[in-house]
Amino acid sequence: MRARPPRPAARLGVPLAMGRPLPLLPLCASVSLLGGLTFGYELAVISGALLPLQLDFALSCLEQELLVGSLLLGALLASLVGGFLIDRYGRKQAILGSNLVLLAGSLSLGLAGSLTWLVLGRSAAGFAISLSSMACCIYVSELVGPRQRGVLVSLYEAGITLGILLSYALNYALAGAPWGWRRMFGWAAAPALLQSVSLLFLPAGTDEAAAHKDLIPLQGGEATKLGLGRPRYSFLDLFRARDNMRGRTTVGLGLVLFQQLTGQPNVLCYASTIFRSVGFRGGSSAVLASVGLGAVKVAATLVAMGLVDRAGRRALLLAGCALMALSVSGMGLVSFAVPMDSGPSCLAMPNATRLPGLPGDSGLPRGISPPPLPTTSKRRGEPVWSTSEKTKPRAGAGNPTTPPLPALGTTSPVSPSPAPEWVLLHWTALLCMMVFVSAFSFGFGPVTWLVLSEIYPVEIRGRAFAFCNSFNWAANLFISLSFLDLIGTIGLSWTFLLYGLTAVLGLGFIYLFVPETKGQSLAEIDQQFQRRRVSRDFKGQLTGILKSPSYGITGG
């Protein structure tokens, strides 16, 4: 009798439990959760560290913007080169390498004695979290089967939200400690180290053959075999008709661009303004803005995790985009009747600490105050600030022990109360903002990156994901930089209504171009996109035949 060949998991040395590799699922979940936790913590930690850094290094507004923006520069660089690293060296190695870069960045930040080392550390951290976010989503989506893929990839979004809340808690706890900002930056290494330990027990993916064999134990044999006959793709194939790659790129770019163009980053700039308008003033406004919106984000993300493999990706995107269109349009209509004044300028704290819209973006307000509204100016693009904003000192600036506010909401204690007839409209604006935040959190937030990790062939998935991610970062930068000019040109109300119109266009895009991938293996999704191309080609050929002059002769 011939001996039975060993199972793939046994050949690879993957631990089995009751004949099935169930223990690997918690490890995959930990990789996704800890990756998101690191991402969210690094994004939000600057909101608490910037005030003591400003005091210790006497940072000007421009230097603060440079320090905050250096994370974005590092992330942009990673989105440009990260795809080639992921496809060349493998997903697991890319995550481990990004964690090493993050440790180096955290060490530079923790020991920094000048602005130069701070900028270098933040740039390294931005590069690391951007590369890790792409590799994590791809790695987990490839490692698990279709029934678990949606939940585990969406877990990355939940990790981002938890990481932001954790950073706010640690920022508050370390605010009064000597050199507390060093420990704030240092704690970012903890989840990265734990994630690296989890990766040691998961299959490797250094090359295509090894990567595919490692997928078999968890995928249950669903993936197609990688052999010599598998197609090879170049970067330019993303824009060609081959295997409907152009259609896939259209879906990916459309999702990331509409995610940003709906104004989600900038709408939340006015979170503290809306909270103040309904009666929450002083420190309570900041606490409520961070904790309240954080709780809404967590709840909405948990709802998305429960529904993404039941209702489907397309259904969540359609529902979320529709609610975003209604809610942001409602904010625009309310602001016609109730003008919303802005908070102080960057002297209080720069709003640039907010960098949403990334893989699994949390959407929380990461700045301290909304940007000041510009008035008319003779010089294009230059806002005119009031004299009081220029001369009024920032509260707590001379007291190093004053704890930084964990979120938006720096305001004057003598701000006037809203008129009684405006109270209902103020609460309507608050409700619209909560709906907007929730809709993003179970729609564009987690599902965009889940779809991107599914629709491309494995041979080019890393480069394709990174290409779309670079447009996400670029669109985020463009929307953030153009926000004040847009408000100065058409006003805040029309800006919100413009975002609502963009969400309606996004709704049409999702309905027409984004297919449903729920319950399908990665191979089946690949075949679905190829069939869509073949179907369109066949319809085009048939239309051409029917319109040809010879058709009437042969048909007669």
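Here the Cβ of each residue, glycine as well, is placed from N, Cα and C on the backbone.
Residues or ranges marked as domain 'Major facilitator superfamily (MFS) profile' in TrEMBL: 28-518.
Here TrEMBL flags 357-413 as region 'Disordered'.
What TrEMBL records for 21-46 (among others) is transmembrane segment.
Counting residues 6+ beyond its ends, the transmembrane segment (66-86) has Cβ neighbours under 8 Å at 42-43, 46, 50, 53, 59, 94, 97, 115, 118-120, 122-131, 134-135, 138, 350, 352-353, 355, 358, 461-467, 469-470, 472-474, 476-477 in the same chain. Under the heading transmembrane segment, TrEMBL lists 66-86 (among others).
Annotation source TrEMBL lists transmembrane segment at 98-118 (among others). Below 8 angstroms of C-beta separation, residues 38, 42, 53, 57, 59, 63, 66-67, 124-125, 127-129, 131-132, 135, 182-183, 185-186, 188-189, 192-193, 195-196 of the same chain, each at least six residues beyond the ends of the transmembrane segment (98-118), sit close to that stretch.
Residues or ranges marked as transmembrane segment by TrEMBL: 124-141 (among others).
Look at TrEMBL and you will find 153-174 (among others) tagged as transmembrane segment.
Per TrEMBL, the feature transmembrane segment maps to 286-308 (among others).
Listed as Cβ neighbours of the transmembrane segment (315-338) (distance under 8 Å, sequence separation of 6 or more from its ends, same chain) are residues 255, 258, 262-264, 267, 277, 304, 307-308, 418, 422, 425-426, 428-429, 432-433, 435-436, 438-440, 442-444, 447-448, 492-497, 499-501, 503-504, 506-507, 510-511, 514, 516. The transmembrane segment feature in TrEMBL is assigned to 315-338 (among others).
The transmembrane segment annotation in TrEMBL covers 424-452 (among others).
Under the heading transmembrane segment, TrEMBL lists 464-484 (among others).
Here TrEMBL flags 496-514 (among others) as transmembrane segment. Only residues 6 or more beyond the boundaries of the transmembrane segment (496-514), in the same chain, are considered here, and those with a CB under 8 A from a CB of the stretch are 247, 250-251, 254-255, 258, 261-263, 266-267, 313-314, 317-318, 321-322, 324-326, 328-329, 331-333, 335, 451, 486, 490.
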